[in-house]
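See below for the structure under consideration.
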Amino acid sequence: MATEHPEPPKAELQLPPPPPPGHYGAWAAQELQAKLAEIGAPIQGNREELVERLQSYTRQTGIVLNRPVLRGEDGDKAAPPPMSAQLPGIPMPPPPLGLPPLQPPPPPPPPPPGLGLGFPMAHPPNLGPPPPLRVGEPVALSEEERLKLAQQQAALLMQQEERAKQQGDHSLKEHELLEQQKRAAVLLEQERQQEIAKMGTPVPRPPQDMGQIGVRTPLGPRVAAPVGPVGPTPTVLPMGAPVPRPRGPPPPPGDENREMDDPSVGPKIPQALEKILQLKESRQEEMNSQQEEEEMETDARSSLGQSASETEEDTVSVSKKEKNRKRRNRKKKKKPQRVRGVSSESSGDREKDSTRSRGSDSPAADVEIEYVTEEPEIYEPNFIFFKRIFEAFKLTDDVKKEKEKEPEKLDKLENSAAPKKKGFEEEHKDSDDDSSDDEQEKKPEAPKLSKKKLRRMNRFTVAELKQLVARPDVVEMHDVTAQDPKLLVHLKATRNSVPVPRHWCFKRKYLQGKRGIEKPPFELPDFIKRTGIQEMREALQEKEEQKTMKSKMREKVRPKMGKIDIDYQKLHDAFFKWQTKPKLTIHGDLYYEGKEFETRLKEKKPGDLSDELRISLGMPVGPNAHKVPPPWLIAMQRYGPPPSYPNLKIPGLNSPIPESCSFGYHAGGWGKPPVDETGKPLYGDVFGTNAAEFQTKTEEEEIDRTPWGELEPSDEESSEEEEEEESDEDKPDETGFITPADSGLITPGGFSSVPAGMETPELIELRKKKIEEAMDGSETPQLFTVLPEKRTATVGGAMMGSTHIYDMSTVMSRKGPAPELQGVEVALAPEELELDPMAMTQKYEEHVREQQAQVEKEDFSDMVAEHAAKQKQKKRKAQPQDSRGGSKKYKEFKF
């Protein structure tokens, strides 16, 4: 606990930083348990667990706990003064296994927090002094040191009171505080007397360690540097002053007191090394003294500045504090509270001092630190690509947050005249109900933008995205939420890309929507209905419903097959004659829920009335349905044809009415034809006169053939270019540079160079010419020809006779026009081409006679013999198989 001291000057109250949580290891087990009980933590467990609990409490709250004062048996006596090993500046000795200090390495880094102040390595303090390093330094504490010590004690006391208030710990009563302060004062007095008594005797450490207070760097392996102000108080550790220990492994917990009895003596240092160390220490002291003088000057300046700023801030802050106090008091009256002690004035003064000390920190609190990354100067050409990769991952959200918060900061500064304090109280602001309520009454908290809101702010709108992309018609409302909206639209616009199914963003499950659509039961296609399977199944189901349970079970054991037998001819006709193609969608046109119920406008044509529409309008359906006028005809005759379809032929309006129909307003009448005063039709040829006016009019009117309502495919241009190239090839040459093939073969005029008898006859067609024509393939040959079937009742005397005979006459007639009578097809040698036509006809007749004679001579005896031989061979092969198969008896398999 803190000790009682006269209050130091207010301007110089500066809280030292808290010590690390490692100093709890030096406490005894009883002290650890007492402190844990004080903070309301469990006290069971071994020593290491107790230390760990205290350390975790310090880390979480930021409060450094001081060593408790254990009471004696009578309850009021203070605990005995601590041993010399626990005094500040005289740390625990290390275990005997220390680093040998003979060869000094380069100055090590400052020791870790929690280690003791500088003693010779591996030299216990109870076994006499080490070789002397320096002689003759003033031992008595100066006025400045005492003043600083008193300031530290007062600051600790005030800080402890503040913490007790903020944590709502009102259980400590005022008389207990006074008793603790008295005990602390007694302890401090005893420690001072011990310190002075020891300074008179030889001390087991170099005397400069008790000298001037300052920051010292480590001087090698022998002497560790003290960090922070060295105070003479053993129980109260100044906040933030880490106590360095000599190097080496720390002693196990609970063995600190045993080290005092360790009889091992450290190794002695040679004189040459001692002189070197003394020179180093003297240089270090000079440096430290200069630094201390500079620090004193800066402290004096800052204290003057702070006192000036405090006077201005006090006037503003006092009125606010009074209001806050009144509010808090009102709330405290409502809550059940315990009666506080008498010393309210002293606590009020302390509050003022603490607020002033906090106010002095305000100029430092306003400073904002900005971290700027240093960009390396690398002139490697490949470094640019490497740098671009990292630039892609830079976060821009933080910059936007700062920009948005700038106007909010200005509002905060205007609302709060006194700047807010940062530090301990700001961390616990949320826990303090009073202060948080007051702030909520003053002003609403500035809203912090979440990542979701930031993402929404950075999104494109649908209109912006449509402007940025090449195909805006593909953009949908949810495309802006994609990670890369431009890439998504590009992928959607790519040719032959299949879209993601629409139900990806639906809440309900796929095909589970029933939004007012009456789904009809499944209907069989018409070509399957014609087989009559539907009626047969319905009849069978009715029979099964009438059956008893017994007969049903009997059928399960011995099922009867062939209940629904359809004639094979019916099935054949259904699937080969009447089958229709199912409705298929094109590539990339995915099915979505309710697609089959949508109207397909592509199938509809203006002017053609479907059967459904006719039935709904009350018009007749059938072959003579076109003779009944539509109900809108009379309105069209009055107001004109529809402007969207100017060239649509509507009977009774701009085209003649059907035959055996008449104009008039009777049932089935076609109204009145639209004519002008002179009797001429207004909109078209209503009377069917086919006058020249209407024909020329229709010719003059150019119809726009460009497609509308659907985008043209992107590959249309390429196909058009190919068609143009093909058409160019087909056109005859108009330039006149290419000579046609026929022109050189015909002699333009004059006499023939070949005599009359030597001309090639026109009647002969060579086989070569036929083959060439077939090779050219100018006409696509027919794949097959259906032969008509002839039926004969009797086979007759023919050996291979059949009732089915095919009529070949139609095929022969289709082959082409009959050859001319004079033309003869004969295979001729080149020498025989010189013969006259009479000789050739004679040769042909001889050839025909020879063929007829061969046909008459031919008989079928050889074919009959072959057939009989084959039959015998089959019988021979079948006999041994039957003999083998007779040995085994197999059950006859039935379908």
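Backbone N, Cα and C define each Cβ position, glycine as well.
Looking up S307, S343, S347 in Swiss-Prot, the residue bearing an annotation of phosphoserine is S307. In Swiss-Prot, the annotation N6-acetyllysine falls on K275, out of K275, K486, K529. When the residues T311, T315 are compared with Swiss-Prot, the one annotated as phosphothreonine is T311. R247 is the residue among R247, R258, R705, R876 that Swiss-Prot labels omega-N-methylarginine. Swiss-Prot lists coiled coil at one of the ranges 140-199, 740-799, namely 140-199. R508 is the residue among R53, R495, R508, R614 that Swiss-Prot labels symmetric dimethylarginine. When the neighbouring Cβ atoms lying within 10 Å are counted for each of the recorded positions (K492, R515, K790), the highest count belongs to K492. Using a 10 Å Cβ-Cβ cutoff, K843 (SUMO2 cross-link) registers 14 neighbours. Geometry remark: R508 (omega-N-methylarginine) versus R515 (omega-N-methylarginine), CA distance 12 Å. Considering only the recorded positions T298, K790, K843, S861 (phosphoserine) has K790 as its nearest partner by CA-CA distance. The Cβ of S861 has fewer other Cβ atoms within 10 Å than any other of the modified residues S289, S861. Rounded to a whole value, the Cα-Cα separation of R515 (omega-N-methylarginine) and K280 (SUMO2 cross-link) is 93 Å.
The number of other CB atoms found within 10 A of the CB of R508 (omega-N-methylarginine), across every protein chain shown, is 11.
The recorded sites considered are K280, K543; of these, K543 has the fewest other C-beta atoms within 10 angstroms of its C-beta. Per Cα geometry, K790 is the residue among the recorded sites K492, K543, K790 nearest to K843 (SUMO2 cross-link).
Rounded to a whole value, the Cα-Cα separation of S289 (phosphoserine) and T298 (phosphothreonine) is 15 Å.
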